[in-house]
Amino acid sequence: MSDDISDNKTNGVSRRAVLAGGTALTASLFMPKGLRAADFPTAEVNTTGLAVTDDTVTIGILHSITGTMAISETGSVQAEKLAIEQINAQGGILGRKIEYIQEDGASDWPTFAEKARKLLVNDKVASVMGCWTSASRKAVLPVFEQHNGFLYYPTFYEGLEESPNVIYTGQEATQQIIAGLDWVNQTKGAKTFYLLGSDYIWPRTSNKIARKHIENFMDGCKVVGEEYYPLGHTQFNSVINKIRLRKPDVIYAIVVGGSNVAFYKQLKAAGIDMTKEKPILLTISVTEDEIRGIGGENIDGAYACMKYFQSLENENNLAFVSAFKEMWGDDMVIGDVTQAAYLGPWLWKAAVEKAGSFDVDKVREASPGIELTSAPEGYVKVHENHHLWSKTRVGRAQADGQYEVVFETADLVEPDPFPEGYQ
Amino acid sequence: MFADYSMAELGAIFAMQGFAGLILFSVFVLMALGLAIIFGQMGVINMAHGEFMILGAYVTYLMSNLFADYMPALFSIYFFVAMILAFIASGLLGLFVEWAMIRHLYKRPLDTLLATWGLSLILQQTYRSVFGAREVGVSIPDWMMGSLPLTDLIEVPINGIFVMVLAVGISLAVYIMMFRSRWGKQVRAINQNRVMAGAVGINTEWTDRLTFGIGCGVAGVAGSAFTMIGSTGPTAGQLYIVDTFLVVVFGGAGSLLGTIASAFSISQAQSIMEFFLSGSMAKVLTLLVVVGILMIRPQGLFSLKLRK
Amino acid sequence: MQSSAFLSRKEMIGFALLAALIFIVFPMMLDSFRLNLFGKYLTYAFVAVGLALCWGAGGILSLGQGVFFGLGGYCMAMFLKLEASTPENTSIQSTPGIPDFMDWNQLTELPVWWQPFYSLPLALFAVVAVPVVFAFIIGVAMFTRRVGGVYFAIITQAFAAILTILIIGQQGYTGGVNGITDLRTLLGWDIRTDEAKTTLYFVNGVLLFAVLFAAQYVRKSKLGRLLIAMRDQEDRVRFSGYNVANFKIFIFCLGAAFAGIGGAMFTLQVGFMSPTLVGIVPSIEMVIFCAVGGRLSILGAVYGALLVNWAKTTFSESFPELWLFGLGGLFIAVVMLFPNGLAGVWSEKIEPRLLALLGKAPADKSAPDGAPAE
């Protein structure tokens, strides 16, 4: 388990190769020259000096593997490495194998910016899979825009952003939130909501959207409480009492990190049995990954609203889950963000092949309209605004740590990072 | 805010809120006792206190797996075994750390802070390497999760009661050890005058080591108990460290009674404010009040002597 | 400045070597990206120099220097953010002309206390003044009541925790956990280009030397000697009729001012400011820089900041897992084996031998051991 995210040694070769500054210097190490690589001469597919050789292309992986965020970001790193391995097994991109340079953001935003600059300026990576928190993305964004890098960002997030240098493979807030609220209102008859979150921008913005939707678009529904706790807070008994006092139909919880575990354990201990659905607990921040820390028995009966659950039964997903477990171990679980991270390399591959070039400008141009029919979540498509069209689903947490999918939107939900009427 | 509720409901809520405050108090006491022993009696600042707690939590995690796999019949009582082992594991690590590191630094208390900070980094990375970067889920026996309905409206969480009983038990044990045992007498003697204590035949080296070990062991028990209410991950120990230090300093180092009084006042303040304000503001206000009082009374609530 | 008394011959060589390293060796050997990184490391050196005065000379260990670093940095960032938030740049917002994070949090006008930061002179003044005022308040409360040592350390730590929670909680006014990001220009000068970063590196270096000279001046003055006397025998100084608290407050404020300047330079060079630089962890790391360099030596503090950060970057690029072991081990080793840090190793171990070798003539030497010159 210890080695699962740290096999840096395997890419030592690539780093040296890159640092050697070579374009064609290190050709022909491992790969038999495929026919297709010859069809795409390096000089043509790489006109901007990226780290592309005749048979390799180098990308960056930039996540926290130390510090508090390592808990969450580990899954993303694993998924990205799996995707890269699978793409390489299929012959790579434009006949070139993907090599990666992994950097550690160390849960520290300035470090993220520093490492992003290193990847783009020193290593000349063709694209970067990375970041998890909004803060880390905000920190690297100016770097990517200045040096014209290309980032695939996997996390569901608050929206309000649309960078030409980022593809957002997770859902933005309206995509994730609105369908779930409508569902709980229509099928469960919920009228009153208690909004709860960790104190930073994603929960606050998400709750803002939730509140606008509840108050403006849902008849007779209201918010009876809204509350934020510092990141890392571990004592929730007071707020649980407040919830008892207000008797909401729905606790809408966007608690993250270590606080999550404390919140659900204390909720259960306080005698709030979520399987009775009085109140209903609806969250957008607990994936299967988080349930591992919380313990399935402590969150049994809660609902989560996101675009992917490990229990989805389609062929793509079954293959993805078994490949993931084969690579990283049978005890692994896969959450929404992990799946979104897995999409990154595949979306990039599709865009590069459509563009016939690794050049960032051409990949960017090719990106809108890219479809993936092989996505574990089903079918996704890149919108003009660099977000993904995706379905939104509601899952009910089971004691075994998995979600049972109880609802899914009929159509793909359009991403709308700057939603009118929700500002 | 309260207009819509009946008196019975309000009474129930306030009773439960009072109880929430008591649980928080117990959590603070458990967190702080180990540190109070080490900091108060030895003047050593153990920044790795949180990591010693998490060691206890990981021991509990291992035990829960072990019992679930090999002795499922005894699973409902594994927690007690785990707590004892957590005490032993953290205590032994404490003894080792004292021997390898702390004993060379008694004359430089500020330096123990840096060295133990280094230790905490090493421990965090060790946990990450051994148990993985993700949080681990500790399964708790069913009887410990859930609540006890006192009346129709009042329910008290069982794990809360458990933490309270544990806090009382450990406080009593520490009190007895400190004030009724030979070791306690020696510790207090050393605290008052190290040289004289040595001169009258107290083995100061060994007493120090034991004190540090016991303090760490208590931290381990606290960590073990906290698997019921919090998360277990490589960096979870850092969630507790600031609160812990504040409780000890606010109480006045050197006074175990002070630590308990300070845990009580901070927890009540925080729990009451959390009820009327938003969580973040409650936290900031609590911290500000504590710092404000410390500025007026820097020696803490209960203190034997003024420090400079 | 009267150089003969101000700098001994040995110190002059030390200063000259450091100047050569910062102004000649680094710019010649490093590409623009690495030079910018070293610029970032040097901003921490401001804090470390301040700590060498407070802690090494004065015996006051503050675990809250991140607060002052952060305040300085935030003051700078507020100015830059206002400059970046022109109505044209922010036309997609519901209220153009205010920083983006305010718009996201439904603020419709700029808070009053942001207004002064439209002016560069006021902002620059605030970079120093705000940390100093904070330090003054803390210092008066603490030192006049004779709080010191461990207590002071932990209380300053609590301040770091409080300020972090406040900044994150008041995100409409502060940018929250994201910090203040996407800073672009300083009076129209694009600070994101490589040339700008190189220029800022040299500005940073010059400021660092100004701070070093100020620190040296304090050390050589009567105040400096009093500080050391206070550290070693506070009561005797007090009984001699000196007001110990005032000296401590002064030196603590001075350290805060240095840290504030460092924070502002950090913002300029890195392009954003975030609460992760305010909290407990960075504050402790800053103490580590000082400890590694040698808490008694202001030059050592600079080398400490450079060495630790350089090692951190280098190791974490290659062995992210081992790095934490290395960092933790470094702290322990420095504390246990080299309590006076690099400067101690230099003056106790290496210099005497070098002098012996050279027949006691301290001729021009290569960079001091441990200096991260590669």
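Glycine residues also receive a Cβ, built from the backbone N, Cα and C atoms like all the rest.
Residues or ranges marked as transmembrane segment by TrEMBL: B:12-40 (among others).
Only residues 6 or more beyond the boundaries of the transmembrane segment (B:52-71), in the same chain, are considered here, and those with a CB under 8 A from a CB of the stretch are 31, 34, 46, 78-79, 81-83, 85-87, 89-90, 93-94, 123, 127, 131, 136, 138-140, 216, 219-224, 226-227, 232-234, 236-237, 240. According to TrEMBL, the transmembrane segment annotation covers B:52-71 (among others).
Marked as transmembrane segment by TrEMBL: B:77-97 (among others).
Residues or ranges marked as transmembrane segment in TrEMBL: B:158-178 (among others).
Residues or ranges marked as transmembrane segment by TrEMBL: B:210-229 (among others).
Under the heading transmembrane segment, TrEMBL lists B:241-263 (among others).
Within the chain carrying the transmembrane segment (B:275-296), a Cβ under 8 angstroms from the stretch's Cβ atoms is held by residues 17, 246, 249-250, 266, 269, all 6 or more beyond its ends. According to TrEMBL, the feature transmembrane segment maps to B:275-296 (among others).
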Tell me, please, if the transmembrane segment (B:77-97) and the transmembrane segment (B:210-229) are in contact, taking contact as 3+ Cβ pairs under 8 Å between residues separated by 6 or more positions?
yes
Distal contacts, the transmembrane segment (B:158-178) - CB-CB under 8 A, six or more residues away:
19-20, 22-23, 25-27, 29-30, 33, 37, 140, 143-148, 184, 187-188, 214, 218, 221, 225, 228-229, 256, 260
